[in-house]
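Below is one structure; the comments refer to it alone.
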């Protein structure tokens, strides 16, 4: 359901985007031109609807009901974030030209994209950043603008029907010509521009990430009356438009930084053809050291005759030429979303559409002239398919190291100088351990951590804080002084585990276990002939990895280390999107496998894991079958007195009854890394107790005596009660002894109030 819903969202690139382009910015800039409406607005009241699909609810979808046009419509939408951090880095200059960096808090979870249930061509683009819903709906080829009604105490909104015939766009064209493209090619060749190569192959429909750096010129800063907050607000509205325009190819544009020329333009901006190389040079000197990015664009409040922008073609991962210019002047404010999406298309390698290019409308996104259509043509798709495999930067999500986190009390992250951080004021009111000042409450010893209990106290030493997950994992216990559980440790790589497997990185890996994880408990490793037949092909169903964007055929000695091949598959599993199950039958042998192609953002279920047994004293490492003795470890079972196992730090984890560090003396078990359990023996302990020294247990001897005493006491009490009952019965008249219990009396009934939620089914 989620996949279907998201696919529908990605497919709905229709005329709504033109209206969104017009109306997104009319709320943040004083419009010199606006959409025309058909008649007066309707008053609507959005009502929250409980999502019936559990998958959609978990995926972050929410639904609202709106009644207009004589019928009820259900709007399903999902938040679209285009900032990697709420603390967006913003660079400005003072009067002396000194660069300053600020990290203002930016609300980024109030922009939504979605659709209207029951209409495959519908689309919704809404924001709640400014109170209520504001944005565009398209239903049955009709566009509507929605905005909060003011004043209103009942969440009322006004819904306007847009008159598409009266709403027109000003004719403009892109500054990129055939001659300009030829000059760009010569410039890049002369400059020996480095094109980052990628190992990503079939990226299609698995998402691209463009990390964008934006620069705002001085005229736009003055136009916003030197108010950086308004400039940031403008940029966020533009970002929503850009992402909507590029949804059809699953391109995510992420803003990593913003620079505002607050002290004048450092380069002339009047000539668009001179400005493009000048800006690229400026950014190389001034921007590269500030933030990481894939492309940088300059927003200029200047009219370049009839040109709306220009960019270098195919330079999205090129640090020298990865840039573009976008005009945001005068009545072109309402077209900025289209402009930036168009110029980013050039950065991605798309040229202007020719006469053979089509998208089902009169013109497409990459038309040389400005138009209302935002669909990509067949020519643009061909460019993406052919050239994006060589752009490694856009296949990677932004790294955590690229994201700055402002150290401040109240962000929910415990940082230097803080005892705790309960986050928002609402969370702090519910928190019994931490105060809004990021200090612990009176008598509280801790706030978070697996060794901090509900009373804000540190758990006693020996309290189990992390149970083992499997036979290759180890448990950890609190040490009594820290609120944190010790580091998550596991059994040393190379240790034998069930199924003729070996522990490796906390997993017991074997072909049978692997098949069961993918195809169910009845599945098992297929015949070696399957591995030989398929893994030597070198395709997405059988290979030994990738080199230079090509599948690698397995050598005969490595066939058991390529892709998993299974047999005895009773039922087909329900797998994530983009997986394909492959079945081959030859020479009375069945082989089941899954595919994986480069660019998929989900884990590969079918690659054989390191540590899997591939022969006597051989294991798979990096798709090669190597000798097991390649694991050289200082810790062995003999090191642990044969009373424990070695952990991944090559220290002994002792059995219950023996004490670390070497399991030579009696104790409670554990290790110097994981801690030790208390006197109580935990069922989650990983090792066997059979070798623990025997100790006399007094309780075992006392249990029979206690049981006999309890039984005798119960029998004595029962005999006394029976005797008294007989004496009382003998003293009653005969007629009373035979009277039915409810004779002459009305039975009583208890009235039970149903739960509140039953009142309104």
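Placement of Cβ uses the backbone N, Cα and C atoms for every residue, glycine included.
The structure displayed is predicted, hence computed values, not measured ones.
174 is the residue from 174, 515, 530, 544 that Swiss-Prot records in the Zn(2+) site together with 342, 346, 352.
Within the listed segments 698-718, 719-739, 740-760, Swiss-Prot records transmembrane segment for the stretch 698-718. For the ranges 172-179, 180-187, 188-195, the feature annotated in Swiss-Prot as motif 'Cysteine switch' maps to 172-179. Sequence-distant neighbours of residue 640 (disulfide bond) (same chain, six or more apart, CB under 8 Å from its CB) are 646, 652, 653, 654, 662, 663, listed in sequence order. Other Cβ atoms within 10 Å of the Cβ of residue 301 (N-linked glycosylation site) number 20 in total over all chains. When other Cβ atoms within 10 Å of the Cβ of residue 635 (disulfide bond) are tallied across all protein chains shown, the result is 18. When the Cα atoms are compared, residue 364 (disulfide bond) and residue 140 (N-linked glycosylation site) turn out to be 21 Å apart. In the three-state DSSP assignment, the secondary structure recorded for residue 635 (disulfide bond) is coil.
In the three-state DSSP scheme, residue 301 (N-linked glycosylation site) falls into the coil class.
Other Cβ atoms within 10 Å of the Cβ of residue 465 (disulfide bond) number 20 in total over all chains.
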